[in-house]
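Positions annotated as compositional bias 'Polar residues' by TrEMBL: 152-163, 183-205, 225-241. Annotation source TrEMBL lists domain 'YDG' at 360-502. As annotated by TrEMBL, domain 'Pre-SET' applies to 577-638. Feature annotation from TrEMBL assigns domain 'SET' to 641-781. The domain 'Post-SET' annotation in TrEMBL covers 797-813. The region 'Disordered' annotation in TrEMBL covers 119-269.
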């Protein structure tokens, strides 16, 4: 049949006969919609709607069709005479049986047409097929709709069209413009059976991209997708980076674009957070590996105290990040975003706090808390967006439900006004440099929050060039939107503006940062100062002495020193072996003896951050050939922080910083005199001795999360040492650090000028991120009396504890 042209006689109501030649030879008499051309057989006879066949003659522009008539026109208007016969629709899907009756379950009375096929068997030209113009019309199946008489055309892409030999055409599939299908005028009632086309043969609602066709999952629904238009909403799809086929293989090609308001990606780490439920989906390539924490030897990160749970989650995250960075430096490969990888591991292990979204305060997160990465805020439930600044949720207000904003991050990307610490003028989100901002997603949530009056958590940011991101995020407390408006931005496009006012009665947040920033630039602007520099130039930065509580003029007299004075000269003590590194010690250098002494890794990052707590840390010394700029020389260089000694309310004098302190940062060394226990006369409140029972502190990363063997607690906790240091007569700022049962500082023994491990230097490092003007404290420990030491008590007398923490033991010393 393919080699001959056929003609078919079609019976009409008035007994007239029309010669139904191949459709490409017929000429349309008036416009029809989407390639559904209407033809007139003869005068005063019925009209016939025909579907232009697919192939090189699509649209009827090759033969017999005037060039002035485009292939697609507007839908014809209904006839004025209601008695006039309406055009019939013909289903041209497949060949006709031998009896001439079309194989069409949706057959229309009074008219039946047989079609041999949609492609002739003429010889096919070699090479790339001609590109179909955008105005071309694909073939379609007419699908009767619900009992209204309208008929819908389901389009078939050219990639599914084959010649009669069954072979698929070579070359790139033709590009077909996706055009909405207009229904024909009312037709007689037909069977409502829906004709389905395999999913691989149905064009999507958007113009299909070139290249390899999408792989269809086994068992996928093969029903024809709905025709998209501006009147119906697109179906939200899960990105291919998250949803995988059943066989686990990742789809090739460009991943699908995530619809607005669906899953927000956490950068390139494959971590996503569902906006409605707050659930976090992890995965990069392939299905994410689920970590069962019950099978790991992990300490419990969660407790009855929400604050402790949040601190533990953040400490574990930062420990993982530091370790990943250390491993990456050894490999000397391409730099990765270690914060995102660490966050993905934490998500997979469900090691996070406050999983559910909420309005108002977040348990365990306090005003003034600071974060170096957006993923940290995600892990504690402060803001679940890793990139977008507006976090929102759907909330019920009585019997109504609205999307409202619950948290915003002012990261300095948009034109926000932040001069006033109690007022924030926040700009909406959107590509304001290319188009007007739209009232959707986060912008819509802010607009609804203005009417609902709900509290919104505000996170501000400050510049800090010492950290990788160049900024630090500060939780500034709860705000409410008081007014909103639209104005022209700097780019000339409309942007949404929202004025938020801070709720009264909250602790200071960003206001503290603004004050300390001013003090660092001009120390004389600090008020209530007794002495500008208590160190008299011994420290790299001046140490102010401040009293804002009473009229006391300062602590008792002592000599300020930054050194540790031994009873014996250093020359009489055992020497340390030095390394032979040429310039600086490098990660992964197997020839570096200092690396071997530190369990095979350099203990510090390139920025001087301590990676892991150790029983003993060995820095480079005078016997090493490396330069003074070696990264393994941190404690011996002294403190680089701007401190302040201040009067507390009930614990004497304390120590705090004007600078933000990052977890793992070296704070200071405990300077003073190394004394013998028997030489202590009277009471000495400025004694440091290694406690016999320090409260268990898990500061290091969990090696099980990285597939490394589990380590015992002894690999982290220093052992009890015989050294006793007194700072009563001579000392430094460390003598002002008070005790706390929930400290933010820990001590670490360090050797760098001699090799006697019983008498190391005592260095203090930050346990967690410490905001400016936060008191620095460490755990003095609890003496066990004569159980271990064989004496009546330790050198420091036991005293009542006044730390007021939730974990307070009641006493120390």
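Every residue, even glycine, has its Cβ placed from backbone N, Cα and C.
Those TrEMBL annotations? Automatic predictions, nothing curated.
Across the domain 'Pre-SET' (577-638), mean pLDDT in this model comes to 94.
Highest Cβ pair count under 8 Å relative to the domain 'YDG' (360-502), across stretches 577-638, 641-781, 797-813: 641-781. Broken down with DSSP, the domain 'Post-SET' (797-813) shows 0 helix, 4 strand, 13 coil.
Long-range contacts of the domain 'Post-SET' (797-813) within its own chain (CB-CB distance under 8 A, at least 6 residues past either end) are made by residues 305, 307-308, 650-651, 683, 695, 738-742, 777, 779-783.
Across the domain 'YDG' (360-502), DSSP helix (H, G, I), strand (E, B) and coil residues number 19 helix, 61 strand, 63 coil. Remark: secondary structure over the domain 'Pre-SET' (577-638) totals 8 helix, 4 strand, 50 coil, with classes taken from DSSP.
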